[in-house]
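Over in TrEMBL, the protein carries these features:
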type	residues	note
TRANSMEM	B:30-51	transmembrane segment
TRANSMEM	B:58-76	transmembrane segment
TRANSMEM	B:96-116	transmembrane segment
TRANSMEM	B:186-207	transmembrane segment
DOMAIN	B:196-325	domain 'Glycosyltransferase RgtA/B/C/D-like'
TRANSMEM	B:213-235	transmembrane segment
TRANSMEM	B:265-295	transmembrane segment
TRANSMEM	B:307-327	transmembrane segment
TRANSMEM	B:373-391	transmembrane segment
TRANSMEM	B:398-418	transmembrane segment
TRANSMEM	B:430-451	transmembrane segment
Amino acid sequence: MADWLNKRRWAKQVLIGLLSCLIILSLLALPRNQDWMQGTVQRFYQQRQNLGAKLDRQSRERAGYGKAYQYVTLIKQHCKPTDYFLIPPQRYLIRKAYRIGASDGYAWLYPSVLYYHLGQSVQLLDMTMPDTALRRATFTFWVKKGTLELLRLTSANHRDVLATFRQYNPSFFAYTPEQARKYYRSTK
Amino acid sequence: MMVLLVLLIGAQFFLGCGIAVRLQAVRTTYSLIGLSMLIGLGVSSFVPFIVQFSGLPIVASTVIGGVVGLAILSVFSLRSKKERLPFWAGRNDLAISLYEIPFLIVWLYLLFISVWKCNWFPNTTFDTIVGPDLLARFAVQEQTLVSSVFTKHLPNVSVFSNQPFYAPFTAMQQIMYLLATEQTGVFAFGKLWLTLLVFSFGLFLYADMRERIHPVLAGTLVTILAFAPELFAYTFLVQTDWANAAFFASGVILFQRYVETGQNGSFWSITLLLALACWTRTETIFFVPIGAMILVIKRIRVNPTDAIKQSAIFMLVCLLPVLFWNYGFLRTYMPLPINAHLGAFRWVETDYLTRLLRIVQNMNDRVVFHASYWNYTVPIFLSLSLLNLFIFRDKRGLTVLVWIVGVYVLFAMILQHVEGANIQYTFRRGFFKLLFLMCFYLSTTSLFRWLSIRLVVWEKTQTVKPAD
């Protein structure tokens, strides 16, 4: 009798288990859930397959930070802690080299993002600082023939660079690629 | 590295366990495991401040040592209260039924990839790298909470918003886990705490609903929640909102128990969890009066003085972390950068109602009914809630519904009056709280209770074996 009851309890558990499966399958069959599971979640698993084996910090930072990684690495390679990096106005880069920064809207120019990546490896200068401070600038980013380059500031180019940067509002900030796109389109 | 990490996680768990058992917050082992980790994560986030105020450096030995010390005290205080532990009392409630396994598989499938994404990638979201992780990174590097971010960087830049000033809990967890991992290895970016928080809250929520309704129904509700893409995204993107929602919802879940049973320990657990919710996001303090009001309404007829005293204590305790961070630490211990403008209040003098209604409409259009954020969670909640009200017309679970409506209305007011609060970010991520509560509300309704009883009765009925 006990054995029979045990079997019956198991049978009921299996039946309710089938109900669980049915509920899950019904939820998965709903179009949005299906799209999400087969799209986004599958893409994440794909990403893991491609990246999962790499465990070194550098590969992970390169993949995570995107283009910002290239630019901050460039600054770190060329600047010393005693150098002053002049943060160019975001509007300047958006207008002069939109295609290069379309995917991130140059949001990595945000002073705290640069500080997060660079720390004290270089001194950051903001365009709103007084002229006496800006005179100390030794590096900046400059657009030349549609490409972005790290420019060493010298007495020969210092004045021209500042004059160009001053044409753009230094307090403007596009936090998202959409905001950058909106600004870029408004200038066309 | 692994030793420190295991030590930290263990210490956080036992710290929370001691508090949860002492307060007699929960009855089952799974609820206790989930809640212990949640409370441990929350309470341990004050340790870096204790270390800082003691004049010690923010290093692994002081911070993790501090958490371990508190955990030992917490467990030691339990020596005469062992019988409060569910498994100590001889309750074997760890068994899982066969029919729960399909749900577990789905959740593990989603959780696995969330854990990988969370821990493989560095912090990339803008709000995090200019906010809590910026503070954490430099606090660890410079061994002080008053790092060059506050003293050198922020006072010298013209553009910065309030991210460095609104997420102390996230920043402190990042600090502790960066110290524990020594910034090397698989968990180098210090984000493991988020995974632990998601797991603990998920376990607590499921365990609590499993006590109320049949596990199949509880599993269905958690699965509906798990299929909300935006909620899922923040299980691997470090921010403060998932933690805020988890503490807030846990507080409301225990609040519901307190309303139902009146057990005194629950009151202090609720107060602690909602205070932790306020610690994770300051704006949560605006939602605390909902609980205070319910407490007064529930107890005013029995004992008016007690009712008012209890709700006053509830609000004051929740206010403490807000005052501590915003005024104690940020404005007194460490003066704010002169160019910081935080949370200004906005007066609306004209077209008050029209503006408010426009905000509500935008909240609905851009967040609540934005299907790609939540898939089917909101429509399922609304249709099942209406069905429940239509069929049963009773007050079961009404308190949770009051919380949901109250938070929604207060969010509209916050958006109307607080400078910087917006629908796209503040409300979208604040909506996580409401999603958890929607799911929990359904588990308290008569509809789910009725379905649950049917299932349990059918499952337990022992038909007599027919004669051969």
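Here the Cβ of each residue, glycine as well, is placed from N, Cα and C on the backbone.
Proximity of the transmembrane segment (B:96-116) to the transmembrane segment (B:373-391) is not established, fewer than 3 Cβ-Cβ distances being under 8 Å for residue pairs spaced 6 or more apart. Tertiary neighbourhood of the transmembrane segment (B:213-235): same-chain residues 97, 99-100, 102-103, 106-107, 110-111, 114, 118, 194-195, 198, 202, 205-206, 241-242, 372-377, 380, 428-429, 432, 435-436, 439, 442-443, 448-449, 451-452, 455-456, 459, selected by CB-CB distance under 8 Å and a gap of 6+ residues from either end.
With a cut-off of 8 Å on Cβ pairs spaced 6 or more residues apart, the transmembrane segment (B:186-207) and the transmembrane segment (B:307-327) reach fewer than 3 such pairs and are scored as not touching. Counting Cβ pairs under 8 Å that are 6 or more residues apart, the transmembrane segment (B:30-51) and the transmembrane segment (B:430-451) reach fewer than 3 and are not in contact.
Remote same-chain partners of the transmembrane segment (B:58-76), defined as residues 6 or more beyond its termini with a Cβ less than 8 Å from a stretch Cβ, comprise 4, 7-8, 10-19, 22, 40, 43-44, 47-48, 50-52, 139-140, 143-145, 175-176, 179-180, 182. Tertiary proximity for the transmembrane segment (B:373-391) is limited to same-chain residues at least six positions away from its ends with a CB under 8 Å from its CB atoms, namely 224-225, 227-231, 367, 401, 428, 435, 438-439, 441-442, 445-448. A mean pLDDT of 94 is what the model gives for the domain 'Glycosyltransferase RgtA/B/C/D-like' (B:196-325).
With a threshold of 8 Å between CB atoms, the same-chain residues lying at least 6 positions outside the transmembrane segment (B:430-451) that come near it are 205, 208-209, 212-214, 217-218, 221-222, 224-225, 228, 231, 234, 241-242, 244-246, 248-249, 252-253, 256, 281, 283, 367-368, 374, 377-378, 381, 384-385, 387-388, 391-392, 394, 396-397, 400-401, 403-404, 407-408, 411.
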